[in-house]
């Protein structure tokens with residue numbers, strides 16, 4: 001009820017501009033169904049499955065050898081290359097955030113848009129080449 | 001009767017048709033879309049095992065049901081009745097949440113995919129699609145990204161080395177290939193001038209995008225395999241290195257959720273590729289008004305194309321060995337991403353030139369040449385990469401010099417090549433002398 005009121009309000013707000021948030025309603029229903037399915041499945045396991053205690057089952061699986069005293073590798077530290085990759089991902093993802101709206105309205109923007117987006121991508125290329133030359137993309 | 005007919009022939013857009021859906025129809029569609037994933041998963045697993053079995057000269061599963069086709073259904077029923085084992089070191093809350101986070105975005109990913117054109121279900125006009133959003137493409141991409149949280153949280157919360165390494169690898173892999181995937185999709189958005197999946201399919205009535213945008217299609221195909229952690233890019237669960245990867249510590253239904261998420265993601269990226277590049281539900285070589293593209297028949301074409309791509313996944317797994325991690329990241333960041341970016345610039349320029357006839361191609365080439373020259377000049381200004389002296393033995397934390405552990409063969413320099421050639425030419429001796437020398441070498 002609340003949802004329909006909210007979406008009704010949104011539809012009023014952008015009157016004549018096509019359907020509002022109403023079109024997301026099936027998605028919300030599907031999300032609720034999927035969440036219900038996933039939670040049901042995960043909670044079903046302990047209910048119907050057997051439970052036989054064994055001390056060995058409680059230790060982390062390391063192919064049968066004694067578990068390492070620091071289960072999280074290197075005391076919680078990870079190779080720095082993963083951080084670099086994550087940073088690069090954020091950079092390029094933001095680039096894509098700008099590229100998607102451009103792509104949708106490319107015909108309306110014409111050549112000016114192409115020049116702008118070329119400049120934008122070129123700027124990113126400079127950063128990319130810098131990281132590349134400094135070995136940020138190398139793994140070994 | 002007559003006004004009803006008039007109403008039936010009135011053309012409506014997909015969004016309008018979907019907005020008219022009554023609640024029971026929405027619920028029906030939701031349940032169907034939710035079930036497509038798990039049902040295809042159950043079929044895919046058995047299909048994959050049988051196909052890979054055939055490729056390896058064995059029969060695959062053939063005991064449960066006719067020709068073994070009920071094997072994975074039996075497995076699915078078996079899994080809840082297995083004991084769940086949770087290690088002491090696990091962070092229990094996140095450990096329980098991770099499978100849910102992995103599977104929920106996978107299950108809602110199919111919502112934006114158009115399975116067919118306008119049909120009538122129990123007298124209600126609608127299209128075979130759950131939602132037609134102006135950002136449908138982004139919805140599918142977002143679903144794929146959120147699934148990564150499940151994987152990385154599963155790896156971290158298990159409190160065990162192998163899952164952590166698998167989760168980290170998987171995250172780095174998926175986010176790397178997502179860039180390439182997004183760049184491939186930008187080409188499609190550029191040609192269709194829309195991000196809504198239904199309009200992208202409609203835009204392909206004049207020609208499918210896979211041959212209009214061949215580089216985009218190839219980049220998408222490679223990155224979709226990387227994105228779903230499948231062979232030859234299945235490094236996060238490399239069995240010979242990491243036991244099982246991020247789900248090593250998972251058992252029972254929680255493991256089943258990860259398995260389900262992986263296969264549903266395969267279905268989603270295949271269905272997405274069908275929608276974006278292979279004309280969606282359209283039959284090739286005929287117009288949209290043809291009876292082949294009306295009613296329920298297009299659902300068949302859609303699934304035929306999807307299954308073709310799914311078979312490619314299985315085929316790849318049966319054919320190619322696993323990549324090494326550095327090779328894999330190199331392919332993603334040094335090949336696919338720059339290629340995708342250049343391609344996007346290229347097609348947007350070509351499109352703009354074609355639309356604005358008043359600028360000649362020569363002028364654009366000159367401007368493009370200047371831009372490229374500037375980039376090249378700027379790259380020359382960058383500092384040289386410092387190459388570590390490979391001959392010196394590094395001193396590690398223990399205070400003892402330890403020989404380097406990387407067994408890489410040093411790159412061949414021109415000088416080394418010349419030396420090698422010299423050595424080879426000087427080794428050319430009479431056969432008897434050479435063999436005698438070899439014998440003596442063998443004795444030593």
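Cβ atoms here come from the backbone N, Cα and C positions, even for glycine.
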Which listed span TrEMBL calls transmembrane segment, if the choices are B:135-156, B:399-420: B:135-156
Annotated stretch (transmembrane segment, per TrEMBL) among the listed ranges B:75-93, B:208-226: B:208-226
DSSP helix/strand/coil residue counts for the compositional bias 'Basic residues' (B:415-427): 13 helix, 0 strand, 0 coil
Stretch-level contact, the transmembrane segment (B:295-316) and the transmembrane segment (B:328-350), CB cutoff 8 A, at least 3 pairs: no
Beyond the flanks of the transmembrane segment (B:362-382) by 6 or more, those residues with Cβ under 8 Å of it: 349, 353
Spatial neighbours of the transmembrane segment (B:328-350) far in sequence, C-beta under 8 Å, 6+ residues away: 172-173, 176-177, 179-180, 183-184, 186-187, 190-191, 213, 215-216, 219, 222-223, 226, 233, 235, 364, 368
